[in-house]
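Copied from TrEMBL, the annotated features are:
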- 1-22: signal peptide (SIGNAL)
- 57-270: domain 'Sulfotransferase' (DOMAIN)
- 64, 65, 66, 67, 68, 147, 155, 255, 270, 271, 272, 273, 274: 3'-phosphoadenylyl sulfate binding site (BINDING)
- 64: active site, for sulfotransferase activity (ACT_SITE)
- 256-265: disulfide bond (DISULFID)
């Protein structure tokens with residue numbers, strides 16, 4: 001009888017010990033699972049928050065119109081992140097064939113609520129680009145920065161000349177390229193890029209006028225802040241850029257940027273002295289652009305003080 005009682009007590013002790021171990025394991029496992037779940041959720045939330053996103057705005061041109069300056073100035077805004085390099089997605093077939101996943105991978109990482117901005121001035125004069133941009137996002141906002149088309153042409157030539165000379169390659173003087181038997185040669189590529197009305201017409205076939213904001217590139221260089229305030233409004237950004245973000249650099253001859261106590265000037269290629277062009281040839285160029293300029297003014301509903 002005594003042995004039976006002792007055996008029963010031993011079994012009860014064993015069961016109690018086993019039950020205690022099981023409860024401890026459950027509590028520990030539940031805590032570990034909860035911690036893992038919390039860590040996983042936090043990690044997932046962080047991953048989902050910071051992503052590469054397709055642009056909500058694109059600076060489409062014009063070449064040598066001030067697109068880099070505009071991009072850097074917009075980047076002063078705390079709600080803007082910019083693609084650092086020109087992507088040439090919509091106007092280069094090799095890039096476009098790679099698809100939107102490749103395009104997205106060229107964008108900066110951003111948090112929700114931030115605006116991603118890309119700039120490729122080659123988009124403006126490429127007739128097939130507007131439809132491709134529309135296919136990506138019909139609601140995208142487009143910025144077009146323009147300057148005096150005659151000055152833009154000379155700046156365009158100056159850049160090409162500099163690149164050729166850097167590679168030790170010869171290049172014709174501007175006047176030889178611009179004039180054919182004493183008259184403006186309409187086939188000159190740099191001249192065609194300055195016919196803003198022709199290129200804008202392709203964009204207006206696809207996008208409504210209110211989705212294209214025109215920035216005065218000459219005014220942006222003279223006094224950046226008013227043009228930036230207009231761009232902020234167009235992009236539905238709260239006004240965060242102030243006149244204190246700019247200071248005039250007397251050495252370089254144009255405005256530099258100031259943000260969080262650090263200043264930044266555009267690289268040495270900006271503000272490069274123009275290649276020579278005779279006064280006679282420049283006047284011919286200005287006369288040539290009078291009618292195209294008038295057509296452009298009518299399209300955008302404003303005029304500019306061009307030659």
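Placed from the backbone N, Cα and C atoms, the Cβ positions cover glycine too.
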Specify the nearest of the binding-site residues 66, 68, 155, 272, 274 to residue 265 (disulfide bond), where nearness means the distance between Cα atoms. 68
Let's check the environment of residue 68 (3'-phosphoadenylyl sulfate binding site): how many other CB atoms sit within 10 Å of its CB? 18
Taking just the CA atoms, what is the gap between residue 272 (3'-phosphoadenylyl sulfate binding site) and residue 256 (disulfide bond) in Å? 15
C-beta crowding around residue 64 (3'-phosphoadenylyl sulfate binding site), within 10 angstroms: 23
Just how many other Cβ atoms lie inside 10 Å of the Cβ on residue 272 (3'-phosphoadenylyl sulfate binding site)? 13
In chain order, residues whose C-beta lies under 8 angstroms from the C-beta of residue 274 (3'-phosphoadenylyl sulfate binding site), counting only those at least six residues away in the same chain, are 151, 154, 155, 158
Measuring Cα to Cα, how far is residue 66 (3'-phosphoadenylyl sulfate binding site) from residue 256 (disulfide bond) in Å? 13
Only counting partners 6 or more residues apart, tell me which same-chain residues put their Cβ under 8 Å from the Cβ of residue 256 (disulfide bond). 246, 247, 248, 249, 263, 264, 265, 266
